[in-house]
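Report on the following structure.
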């Protein structure tokens, strides 16, 4: 009435002059493509996992399949929920004031971004720890790592990710619309106090810690598998060794390449506060890189299997004409056979038997 401006709802920060000016058609196109490809790939992975779990339900591979199922389901819902909200925002011309008066949608979007960002990283690190225990301590893994324990660990990981996502809401800190006006997250502009920095650093440190644990455990697992392979004089388990090593290398590369830019960017903003030189375009590019990890997860964990590697080997062998390895090394797939050498080497009876055989040979 008197010419004053209407109040800005909570969560609408004052954007910098470097606000992203993205073309609507291209942005909607990328959002729809990302969401569709992610949903289709994760749905296919869930079908494959369900069939595999029915086959290995009573074997040691069942724990790995349960963790992988939790990861793929999390990625699926992440694409479905976050993708739907992003497409709605683009379709509404990013007019947050019109459809987000009470800041509910932005809070839901921010909670989902944090949860579906941290939960796959946590699950990936837990899977790496589980595989490391299964390879280095097979007897302990077979007796202690039951499906009940795996489901309990999945529940704890999800609840911890939910707690981190709801922490700003519990502290009455609203999630903020980012400069591109296409997504919500912690406050990244005009940081006022230590709590704004704390959330950014907490998210970044937890994500980087999960990547570090995955890298360390996968490295230990790979080295152990190689040692067992070269120690064994038999051909048992070579296919599983080769399959696991390829999967571990792919997992480490994809996770680090996709998530490191976003985590490092958020940590840089949290450390430097308003002096950070990160632009809106840089943050948006890092976010899209992280989104690709959820698209590639099912292809790395599930589809990069022995059957696929075997076909790739045949194609490579036909094209190059080189006899890199014997084809019959792909025939064995039992996880028990692949870890039998490691289990025998840990038992004290094996060392006694080896000493007895050496004494006999010396006597002869």
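Quick reminder: no glycine exception, Cβ is built from N, Cα and C everywhere.
What TrEMBL says about this protein:
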TRANSMEM  26-50  transmembrane segment
DOMAIN    41-301  domain 'G-protein coupled receptors family 1 profile'
TRANSMEM  62-90  transmembrane segment
TRANSMEM  102-129  transmembrane segment
TRANSMEM  150-170  transmembrane segment
TRANSMEM  198-226  transmembrane segment
TRANSMEM  246-271  transmembrane segment
Mind pulling out the one from 62-90, 102-129, 150-170, 198-226, 246-271 with the most Cβ pairs under 8 angstroms to the transmembrane segment (26-50)?
62-90
Across the whole of the domain 'G-protein coupled receptors family 1 profile' (41-301), what does the mean pLDDT come to? Round it, please.
84
